[in-house]
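Features of the protein shown, as given by TrEMBL:
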- 49-361: domain 'Cobalamin-independent methionine synthase MetE N-terminal' (DOMAIN)
- Lys64, Asn162, Arg567, Cys568, Trp613: 5-methyltetrahydropteroyltri-L-glutamate binding site (BINDING)
- 478-801: domain 'Cobalamin-independent methionine synthase MetE C-terminal/archaeal' (DOMAIN)
- Ile483, Gly484, Ser485, Asp651: L-homocysteine binding site (BINDING)
- Ile483, Gly484, Ser485, Glu536, Asp651: L-methionine binding site (BINDING)
- His693, Cys695, His704, Asp708, Glu717, Cys779: Zn(2+) binding site (BINDING)
- His747: active site, proton donor (ACT_SITE)
Amino acid sequence: MNKVSLQCLTTPFTFSLSSLSSLSFSHHNSPRSFLRFSVRATSSRAMTSHIVGYPRMGPKRELKFALESFWDGKSSAEELKQVAANLRSAIWKQMSDAGIQHIPSNTFSYYDQVLDTTAMLGAVPDRYNWKGGEIGFDVYFSMARGNASVPAMEMTKWFDTNYHFIVPELGPDVKFSYASHKAVDEYKEAKALGVNTVPVLVGPVSYLLLSKPAKGVEKSFSLLSLIDKILPVYKEVVTELKAAGATWIQFDEPTLVKDLDAHQLQAFDYAYAELESTLSGLDILIETYFADVPAEAYKTLTSLKAVTAYGFDLVRGTKTLELIKQGFPSGKLLFAGVVDGRNIWANNLESSLNTLQTLGDIVGKEKVVVSTSCSLLHTAVDLVNEAKLDHEIKSWLAFAAQKIVEVNALAKALSGQKDEAYFYSNASALASRKSSPRVTNEAVQKAAAALKGSDHRRATNVSSRLSAQQKKLNLPILPTTTIGSFPQTADLRRVRREFKAKKISEEDYINFIKEEIINVVKIQEELDIDVLVHGEPERNDMVEYFGEQLSGFAFTANGWVQSYGSRCVKPPIIYGDVSRPKPMTVFWSSTAQSLTKRPMKGMLTGPVTILNWSFVRDDQPRFETCYQIALAIKDEVEDLEKAGISVIQIDEAALREGLPLRKSEEAFYLNWAVHSFRITNCGVQDTTQIHTHMCYSNFNEIIHSIIDMDADVITIENSRSDEKLLSVFREGVKYGAGIGPGVYDIHSPRIPPTEEIADRINKMLAVLESNILWVNPDCGLKTRKYTEVKPALTNLVDAVKLIRKQLTSTK
């Protein structure tokens, strides 16, 4: 095959002449662009590759620090925009250099892609006082984070991931208008750098299906009835993109993998029929991800008008292969998501190539485009930044940057240009992982296998246990507590870094952490909080902290993944069987309890959350790994009890997010997930109070599984989701254990007034008995400042005391 290689400064680009009809380039002196080029392909589809989306934060969390600096007033909007532009250009160049043909744009976001769509549509709730025009940072970040006078919009989990999106608030009176030109601006920005991208839009139907009725709108309001109001804005965006030179547009319609009814499926037919004339002349990709596409949805998808290509997740959606075998529309392209966008294991290249070849036999090899299973947003950025990671384990991994290379290698192999050396290296790494003795621990496997004979319930029912616990703890009515963490100051983070780098002694580190705990305990006692926490100053992350002390885990230095906004997590890597070599939290919890006569909660992360917030081994079922973690946490719970800790919280913040997207698969998951939680605490005495905590998901549909967890007390996010949790109790669900629906949103800097918190408590008392109700924030306080935490908790305690007086006078 004839090729021409263009070398300019240090950046080579190679093009296949046989697949080009025109090539133009010019050199510019711009510091951000070594080479500008444009490529126009002929009808040949050989060696085509695609990336659904890419991480936004940057390899060293550059966007996180730029955002927080801007929010703190330490840098300007222009400085933030420059950091963002640098990140975008680096991402586009990286994909271009790797040989990717279909490079996405508009997958970058300052906070969330659904919020970006809300801004594009001008669907700003009235409380933010937007007066029209292009939406700027002030309104955008107020919607995301709230401000001094109004709360943020609801935030919830993005399908079954640990990413959170901002839920649109819609109703019949919303006046949609084209209010953010971000998609077009970023396409033009990439084009100016010589990269002709595929602009990505959240599809109109998925946008509506992911929305909720605004406050004051009937819950029965049909969000899909707004389709005719939002399509004109989509048409404007598409028209501008076409005028700017776009040839492809990607519409993300991930709700197609869910169980949709006939009316919902008809909305897709209607929407894309309405868009047909506007989309004329463009290649249109409809992208799905995270699960199989159900048979009826597959029929709907593959019959949509004006669509050129369909994208499928063939990692988590292997059953879709059977549908493709039964029929695929003639002349259409298949974007085959064979490279996992949600885990960090190196792809099995030979296996993926076999899948691609099978697809090629069905639809025609020239019609197959190699892709990622979903956006790489859900994986870490680049292995290059992991200099200290164990060499053998590192050889088993692929982060986002490496997955781009995998996609291109598979595309080349499918077109007959297989890189034998690269494939051989991949096969060797897979063989090393399979045979490594560090992966297997027979004792752990036997212990986990032995769990199958019991459901691991505590011996007595929850009402009896609560009575025994109250005699021991002697708590007032409406007891107050917090969820666990307190603000992590710059000094605290610095000391932890210095200790990890061995720049300070263990003695100095322990003394510093003790002082932090003393301060946190003092603050809580002064505020008159009933059940205390030690503040978790020794913990970098609620999962990583435990993973570092468990066998079978590996850790990265820069494997950060966005959770929401500027918040990033660094998931541990579970590569082998899990066990607990020694106690993990007993020293700190005992230290804290010695400082006060009030109950001090022992703070643990539950097995399901550790599993769902880690990169999990893919060589055994997830439930087997979860049972192993549960046994390790069980050992810790029983050691805390022996050390005199009477209240132990086992957080299961991520239990709901692991729920499968298809109803038919939910019962199996909930059975082993709830069982795993019960394993952790089945051996404690009745007088030991077991708490759990959950946050930022739709819990109403799994309330019976939450009850089946058999915790003594559950604290659960409630305020940011507009108190929809309370609706299940209004509808007659009986809950006999202690429960603390959150009374204020900790992800906003806003300080709720006493009256507002008291009003929330009264709403709770309308559906819950006062003898089971706890009062607490939505979530941990780690990301807040003490200047926000102290007044907010003061108002919380004042509100409780006010309600206690009212209850006493009523009696």
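Glycine residues also receive a Cβ, built from the backbone N, Cα and C atoms like all the rest.
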Among the binding-site residues listed as Ile483, Glu536, Arg567, Asp651, within 10 angstroms of His693 (Zn(2+) binding site) by C-alpha we get Ile483, Asp651
Between 0 and 100, where does the mean pLDDT of the domain 'Cobalamin-independent methionine synthase MetE N-terminal' (49-361) sit? 97
For Glu536, Asp708, Glu717, listed as binding-site residues, tell me which one has the smallest number of other Cβ atoms within 10 Å. Asp708
Going by C-alpha distance, which of the recorded positions Ile483, Cys695, His747 is nearest to Trp613 (5-methyltetrahydropteroyltri-L-glutamate binding site)? Cys695
For the residue listed as 'active site, proton donor', which of the binding-site residues Asn162, Gly484, His704, Asp708, Glu717 has the nearest Cα in space? Glu717
Show which residues of the chain containing Cys568 (5-methyltetrahydropteroyltri-L-glutamate binding site), separated from it by at least 6 in sequence, have their CB under 8 Å from its CB. Met57, Arg61, Lys64, Trp560, Val561, Gln562
Among the binding-site residues Asn162, Asp708, Cys779, whose Cα is within 10 A of the Cα of Ile483 (L-homocysteine binding site)? Cys779
Would you give the longest CA-CA distance, in whole angstrom, between residues of Ile483, Gly484, Ser485, Glu536, Asp651, the set recorded as binding L-methionine? 13
Note the Cβ centroid of Ile483, Gly484, Ser485, Asp651, the recorded L-homocysteine site, then list each other residue of that chain whose Cβ lies within 8 Å of it, in sequence. Thr482, Val533, Glu536, Met542, Met603, Gln649, His693, Cys779, Gly780, Lys782
Using a 10 Å radius on the Cβ of Cys779 (Zn(2+) binding site), the other Cβ atoms enclosed count 28
